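Look at TrEMBL and you will find 15-263 tagged as domain 'Carbohydrate kinase PfkB'. For Met23, Thr24, Asp25, Gly51, Lys52, Gly53, Ala54, Asn55, Glu152, the entry in TrEMBL reads substrate binding site. Annotated ATP binding site per TrEMBL: Asn197, Thr233, Leu234, Gly235, Ser236, Glu237, Gly238, in sequence order. Here TrEMBL flags Trp267, Lys302, Gly305, Gly307 as K(+) binding site. Taken from TrEMBL, the feature region 'Disordered' covers 274-338. What TrEMBL records for 324-338 is compositional bias 'Basic and acidic residues'.
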Amino acid sequence: MENMSCGGSCAAVFDVVVVGSCMTDLVSQAPRLPKAGETIHGHKFFIGYGGKGANQCIQAGRLGARTAMVCKVGKDYFGDSYILNFKNNGVSTDFVGQTDKAATGAASIIVNDQGENAIVIVAGANLLLDSEDLRAAAPPITRARVLLCQLEVRPATSLEALRMAHSSGVKTVFNPAPAVSDLDPEFYSNSDVVCCNEPEAELLTGVPVVSLEDAGKAGAVLLGRGCRSVIVTLGSEGCVMMSVQDPTPKHIAGQKVTAVDSTVRSWCGGQLRRGSGVLHGTPPHTASGGDGQKSQSHCSNKREGRGHTGVLPIQEGPPPGALLERDQSPRTDTYKNL
């Protein structure tokens, strides 16, 4: 546990608590992706805030939920900037730890003019989030209305958080991304909702997902492993939902959009808005109309890059400090705000 403190949040009850990752995204835009060993000219560069967990947390907050983030960043410029970004978005940072043992997680991203990308991720401090940090964050984790986890931190850490919340009666949502084929079966039994995309569903179940019918078959396999509800997101086709209460697959159509960049994921966060079925304990299939339908429309028409959904980037328009450039002074390790 490094630099975590309750700060008054131990007694607070949050709508959504996210245990997950923070990534600083270093994004270069270029006409095309370079070949191996090739150097090409790009036309834009910016530094933004990414990470599946942080994106989902901020998205839930922007949709009206009271949110808290449990994560770890480095004691560096990017870590300080990320904490400020959480605060600027109304996310509780009392359980955001900082460590000097690793740098803040980072992703180097190249996006071409067609919205396709190539990404290298260095998880850094994300992999140091551990049991001690979870014990420090036990009050919000075990009192939240919803806990959301992914797999960009150590799987054992995500599973422990799901166990803590599930055993306390908290509704648990698990986004198995990036997916692993040998996932511990306890992930399913401790998850009320499993939300995954097509390649993740295929890797987890062995069922190729190329149609709505396939998504239903994969969802049935996941339900059989012990979770209460399954959502398989399908890019431009929307998603398929099913639950133990109603195992008949239900298709929710997506809103057609033009892909700008598939680098941001926000679908799970969008599901956790106030009034959504997940937040209020309603089976997903009964929460799909009205506001629930609007939540589904965040699905983009791109398949999984680094992210999956969002008509707009998770942080539309950079918050203060998001766009940075190298200071041209002799100290080349410093940055300045544009």
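Note that Cβ sites are derived from N, Cα and C of the backbone, with glycine treated the same way.
Looking just at the domain 'Carbohydrate kinase PfkB' (15-263), the mean pLDDT is 95.
The record assigns Asn197, Thr233, Leu234, Gly235, Ser236, Glu237, Gly238 to the ATP binding site, and the maximum Cα to Cα distance across that set is 12 Å. For Gly238 (ATP binding site) paired with Lys52 (substrate binding site), the C-alpha to C-alpha distance reads 19 Å. With the fewest other Cβ atoms inside 10 Å of its Cβ, the least crowded of the binding-site residues Met23, Ala54, Leu234 in this structure is Leu234. The Cβ centroid of Met23, Thr24, Asp25, Gly51, Lys52, Gly53, Ala54, Asn55, Glu152 marks the substrate site; residues of that chain outside this set whose Cβ lies within 8 Å of it are Gly20, Ser21, Cys22, Tyr49, Gly50, Gly105, Ala107, given in sequence order. Counted over all residue pairs in Met23, Thr24, Asp25, Gly51, Lys52, Gly53, Ala54, Asn55, Glu152, the record's binders of substrate, the longest Cα to Cα distance measures 14 angstrom. In this structure the C-alpha atoms belonging to Thr233 (ATP binding site) and Met23 (substrate binding site) are separated by 23 Å. Taking the Cα atom of each, Lys52 (substrate binding site) and Asn197 (ATP binding site) are about 14 angstrom apart. Each residue contributes its Cα atom, and for Ser236 (ATP binding site) and Met23 (substrate binding site) these two points are 26 Å apart.
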